[in-house]
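Asker: Sharing the features that Swiss-Prot gives for it:
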type     : residues                           : note
ACT_SITE : H14                                : active site, proton acceptor
BINDING  : D12, E172, D228                    : tobramycin binding site
BINDING  : K39, R418, R449                    : ATP binding site
BINDING  : H114, H118, D137, D338             : Fe cation binding site
BINDING  : Q139, G168, E172, G310, N314       : carbamoyl adenylate binding site
BINDING  : R418, A419, R498, N528, T529, S530 : carbamoyl phosphate binding site
REGION   : 1-354                              : region 'Kae1-like'
REGION   : 367-570                            : region 'YrdC-like'
Amino acid sequence: MRVLGLNGWPRDFHDASAALLVDGRIAAFAEEERFTRKKHGYNTAPVQAAAFCLAQAGLTVDDLDAVAFGWDLPAMYRERLGGWPHSDSEALDILLPRDVFPRRTDPPLHFVQHHLAHAASAYYFSGEDRGAVLIVDGQGEEECVTLAHAEGGKITVLDTVPGAWSLGFFYEHVSEYTGLGGDNPGKLMGLAAHGTTVDETLSAFAFDSDGYRLNLIDPQARDPEDWDEYSVTERAWFAHLERIYRLPPNEFVRRYDPAKGRVVRDTRRDPYEYRDLAATAQAALERAVFGLADSVLARTGERTLFVAGGVGLNATMNGKLLTRSTVDKMFVPPVASDIGVSLGAAAAVAVELGDRIAPMGDTAAWGPEFSPDQVRAALDRTGLAYREPANLEREVAALIASGKVVGWAQGRGEVGPRALGQRSLLGSAHSPTMRDHINLRVKDREWWRPFAPSMLRSVSDQVLEVDADFPYMIMTTKVRAAYAERLPSVVHEDWSTRPQTVTEASNPRYHRMLTELGDLVGDPVCLNTSFNDRGEPIVSSPADALLTFSRLPIDALAVGPYLVTKDLRH
């Protein structure tokens, strides 16, 4: 079967994406932001991502057996907005406009319940036959948590938690309160390691063996003017935090920055002052999720756990879940957030139509790829000098070993929020100054933000305390004492790191580069962060990579088989 999964709609949506399954295998998968260059793909159908997916597979809409959408939009409109105003044909015209997707007939359109799409993205691509499912996010159609049992290709819902008790919204509201922004929960997670937990209940949570209760908000509270409870929970949490926390909300202001020569958006206080609140919020989140996980594992009798939903991107929480005594195996897809519901919806419909889903494997590289001719044409348009080294991997390794920052744009682009050796900025993991250099000079961001390492899987058991595959940078683990001092730029305050383990099968060129680096510096480990400027999506095309390379103090760019260098001093 050929099933195109979609996420993204013109009203109040984020993370627009498209995924194409052909006979149960991922043929293409991409985020709309990578094409539009507008981060998070807000309030748009995934037109460009869908066009890429079909082009990648050499298909048209007429070749599709089904289109799947990762929300039950008709139910949401009927419940919240007075009725669903579109026929399936009209909805398809919004999602796949005919001027871009000409067709003789419309394929069947399936609206998949949101948490089922999340569950499918984790379970069907895990390679496991059975396990317990835990979905935690901001909110689906109504629920913010789903507990389910996956077995024999079927997903059975056991329990849900209503949206007013959302852990995802709670974490976003705390992030907003600190001045980090509600759409930057990853920053709050990073800040938490610098703080001290004060009271993990926050005078609002009650934790028990089944998860949590929230004494702050009526679980049945509804927002009559919107289709989720974000505003209801925001008002309640901000009022509560102002009562119990020593600092007021960190307000955003506009001020003139002499260094940048323009008016910028900033906060009245340094968000670092809120580090104890960040640590407390992280502890509360973990306590609640651990209870939910233990509950669904006990109720299903399983020891394999599948996790998805936006909260599933919390790598610190995931790393601790992995080591709980109740968990033997755990799978969190690299697209745990709403990016992944296009893939999950496609999988749910494909299974319904009789397909078996192939495991995801150790890669997220399903985006666009560019030929050497296309890369060379982009280079020629810039007028930059470049060359084609006989051993690109060795030269890049030597640059990293000498303290340079290298842009790396190779193969098919990743999908998801993490750069995984396809569109990455690479630096020395051994340099004591590299973290500050990339944070402050290259990426123009907070000094306390951590960086993650890529390392060969063959040495990860020596570097990390947990011997496991970490292909997606979606779990943290502790670094062994001997390596914590050797790899200062990729080890966080609490001696944790969010590793990517690399095998030859998963990424041959990146594996060769890390091998060469190991020969030069002793450890096949490098700092790996996303290749993007502040506030922008990860680069996709050679033109994106070259533009970002020209704007940022990056020393070299390896794009396809070519190497571009410039003389920038740290």
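Cβ atoms are placed via backbone N, Cα and C, with glycine included.
A quick note: this is a predicted structure, and the numbers were derived from the prediction, not measured.
Would you situate these features in the structure and describe their surroundings?
Answerer: Non-local contacts of H14 (active site, proton acceptor) by the CB criterion (under 8 A, 6+ apart in sequence, same chain) comprise H40, G41, Y42, N43, D183, D338.
Its own atom aside, the Cβ of E172 (tobramycin binding site) has 24 Cβ atoms within 10 angstroms in the protein chains shown. Following the DSSP three-state reduction, the secondary structure of E172 (tobramycin binding site) is helix.
Take the CB of K39 (ATP binding site) and look out to 10 A: across all protein chains shown you find 16 other CB atoms.
Sequence-distant neighbours of H114 (Fe cation binding site) (same chain, six or more apart, CB under 8 Å from its CB) are G70, W71, D72, G140, E141, V341, listed in sequence order. In the three-state DSSP scheme, H114 (Fe cation binding site) is classed as helix.
With a cut-off of 8 Å between CB atoms and residues at least 6 apart in sequence, the same chain places Y171, P185, M189, Q282, L285 near N314 (carbamoyl adenylate binding site), listed in sequence order. DSSP assigns N314 (carbamoyl adenylate binding site) to coil in the three-state reduction, placing it in neither a helix nor a strand.
There are 23 other CB atoms within 10 A of the CB of T529 (carbamoyl phosphate binding site), with all protein chains counted. Under the DSSP three-state reduction, T529 (carbamoyl phosphate binding site) is assigned to strand.
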Asker: How big is the Cα-to-Cα gap, in Å, between S530 (carbamoyl phosphate binding site) and Q139 (carbamoyl adenylate binding site)?
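Answerer: Pair distance, Cα basis, whole Å: 27 Å.
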Asker: Long-range neighbours only, meaning 6 or more apart in sequence with Cβ under 8 Å: which ones does D12 (tobramycin binding site) have?
Answerer: N43, D226, W227
Asker: In sequence order, what residues of the same chain, 6+ apart, have a Cβ less than 8 Å from the Cβ of H118 (Fe cation binding site)?
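Answerer: Listed in sequence order, they are I135, D137, G140, T146, A308, G309, A336, G340, V341, G344.
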Asker: For the carbamoyl adenylate site made of Q139, G168, E172, G310, N314, how many Å separate the two farthest Cα atoms?
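Answerer: About 16 Å separates the two most distant Cα atoms.
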Asker: Between Q139 (carbamoyl adenylate binding site) and T529 (carbamoyl phosphate binding site), what is the CA-CA distance rounded to a whole number of Å?
Answerer: 29
Asker: Restricting to the region 'Kae1-like' (1-354), report the mean pLDDT as a whole number.
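Answerer: Mean pLDDT, the region 'Kae1-like' (1-354): 97.
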